[in-house]
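J.: Relevant sequence annotations retrieved from TrEMBL are reproduced here:
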ACT_SITE  265  active site, nucleophile
BINDING   139, 140, 141, 142, 143, 144, 145, 162, 193, 211  S-adenosyl-L-methionine binding site
DOMAIN    44-334  domain 'SAM-dependent MTase RsmB/NOP-type'
């Protein structure tokens, strides 16, 4: 297993940085992020600096594994420091770029842990999921955030939607690997275009997560096909249009009084702050929810860039805290109807 892992990570190191993408990011992000971009870029183009958090699966808990992680110098993410941090969620972080080997998918055997970018837990925590609530994960593949949601609480109903059929297979396999059979009964998996969900299930959900398709900065930098990368960049300006349509659908699917969290794994202002500003300007019944406290609480483990928004956070990769990029915004639907 370790030898296989080594060759895998060596292959990742050997991966070529896509110059088309790097040049494009260089122009945009040096403007948007100033000097911070230099550090961010150095981390993004050096996979050997990347860090991996270990999210324990409460449905197949291993005391030995937890003990082993502590002995290796891992520490828990934010345990108890956020008022709504669930005790049932255990995530371990290392300050060094250590990576646990991935577990194999075996039918009938639940995995003990999930490897992830620790910043991707922030949208899940921001949702403040409670037992019994109805929750929608609108763009759910590959399933990491759905798995994390189930570590936080036992929802009355969890709807995991993924429009892309290949990614949907991945999502199903992830759920099968981590979730025990009885709980599968409260989970619905669908392949709907997320833009149609609001009309299909109006005001059905207490909480909605929109982890939107975006220009995934880490992956795009290592595009192996430069023609495809150039095409992606030329189409990039269409993404905010899709993201806004997904949010409009999510707002329809959310009940009055419910919470909506929007997230991306890009640094791009056009796909982050600008999308949220557009939504806040379009709806009189959608309110920003202040999440500055989350940034204050998490500053030991994450570095944040200013967003100019009380309801939005942007995690940026930093030395020894190579998490992100991850943008998180939190909104609430008030009881007044319409625009």
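Cβ atoms are placed via backbone N, Cα and C, with glycine included.
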J.: Grab the pLDDT values for the domain 'SAM-dependent MTase RsmB/NOP-type' (44-334) and give me their mean, rounded.
T.: 94
J.: Could you state the CA-to-CA distance between residue 143 (S-adenosyl-L-methionine binding site) and the residue listed as 'active site, nucleophile' to the nearest Å?
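T.: The Cα atom of residue 143 (S-adenosyl-L-methionine binding site) is 15 Å away from the Cα atom of the residue listed as 'active site, nucleophile'.
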J.: How many neighbouring Cβ atoms, not counting its own, are there within 10 Å of the Cβ of residue 141 (S-adenosyl-L-methionine binding site)?
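T.: Residue 141 (S-adenosyl-L-methionine binding site): 25 neighbouring Cβ atoms within 10 Å.
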J.: For a quick check of understanding: given the listed S-adenosyl-L-methionine-binding residues 139, 140, 141, 142, 143, 144, 145, 162, 193, 211, what is the maximum Cα-Cα distance in angstrom, as an integer?
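T.: Largest Cα to Cα distance for the S-adenosyl-L-methionine-binding set is 20 Å.
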J.: Please give me the CB contact count at 10 A for residue 265 (active site, nucleophile), counting all chains in the structure.
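T.: Result for residue 265 (active site, nucleophile): 21 other Cβ atoms within 10 Å.
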J.: For residue 139 (S-adenosyl-L-methionine binding site), what residues in its own chain, 6 or more apart in sequence, show a Cβ-Cβ distance under 8 Å?
T.: 161, 162, 163, 194, 210, 211, 212, 213, 246
J.: Counting only residues 6+ away in sequence within the same chain, which have a CB under 8 Å from the CB of residue 193 (S-adenosyl-L-methionine binding site)?
T.: 163
J.: Whole-number answer please: how many Å between the C-alpha atoms of residue 265 (active site, nucleophile) and residue 141 (S-adenosyl-L-methionine binding site)?
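T.: Pair distance, Cα basis, whole Å: 14 Å.
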J.: At a 10 Å cut-off from the C-beta of residue 143 (S-adenosyl-L-methionine binding site), count the other C-beta atoms across all protein chains.
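T.: For residue 143 (S-adenosyl-L-methionine binding site), the 10 Å Cβ neighbour count is 25.
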J.: Please list residues from the chain of residue 145 (S-adenosyl-L-methionine binding site) whose Cβ is under 8 angstroms from its Cβ, counting only those at least six apart in sequence.
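T.: Set apart from residue 145 (S-adenosyl-L-methionine binding site) by at least 6 residues yet with Cβ under 8 Å, we have 120, 123, 124, 137, 209, 211.
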